[in-house]
Amino acid sequence: MILVVGLGNIGVEYENTRHNVGFMLIDLLLKESNFTNLTNSKFKGELFKIGSSLLLLKPSTYMNNSGLSVKAVNDFYKCERMIVIHDDIDINLGALRFKKGGSSGGHNGLKSIDTLCGNDYERVRIGVGKGENVISHVLGKFKSEEEITLSKVLEHAKKALLELIENDDLSAISSKYSLKA
């Protein structure tokens, strides 16, 4: 079983914010897939299954406690692989990077996952840039001119993620799909 986690915050006030790009990519995948909804309160998030071996998770624990949801799903399904999609303020909007393991880079959602599940998982890092005030920036909505760039990056990230799930070769995917901005 492969678990793909899109990080974000629940609630209308957080829709279309920079911190929710993980949710956005999961939503894009669901829009184009036949899936089974496995959402259950024990998973602390929205959980979907595509085919026989792919789980998509949107934690409903808010960003800083994402690890609670990830651990609940991982413990129940004993997933062999985990891929986490998240915003990254250290790369510009329009950039896309891939990584396995390493530090959280100050990202509280990743810190929570690392604490409860370890850090040996693949990451899809979607650049959102860094504003003057980090918290206001990541919780802020995208400007209309940024939405065009975001849409292109999400579509590109979707293709990369689908290929990564299929081929399990992070290095090749990184070479083929990384974007600079």
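Note: Cβ is positioned from N, Cα and C throughout, glycine not excepted.
Among the candidates ASN92, ASN108, ASN119, ASN133, the residue that Swiss-Prot annotates alongside TYR14, TYR62, ASN64 as binding tRNA is ASN108. Shown in sequence order, ASN9, HIS19, THR61, MET63, ASN65, SER66, GLY109 are the same-chain residues outside TYR14, TYR62, ASN64, ASN108 whose Cβ sits within 8 Å of the Cβ centre of the tRNA site. Neighbour density around each Cβ, counted as other Cβ atoms within 10 Å, peaks among the recorded positions TYR14, HIS19, ASN108 at HIS19. Of all the recorded positions listed here (ASN9, TYR62, ASN64), it is ASN64 whose C-beta has the fewest other C-beta atoms within 10 angstroms.
Distance between Cα atoms for ASP87 (site 'Stabilizes the basic form of H active site to accept a proton') and ASN64 (tRNA binding site): 13 Å, as a whole number.
If you check the recorded positions HIS19, TYR62, ASN64, ASN108 against ASN9 (site 'Discriminates between blocked and unblocked aminoacyl-tRNA'), the ones with a Cα inside 10 Å of its Cα are HIS19, TYR62, ASN64.
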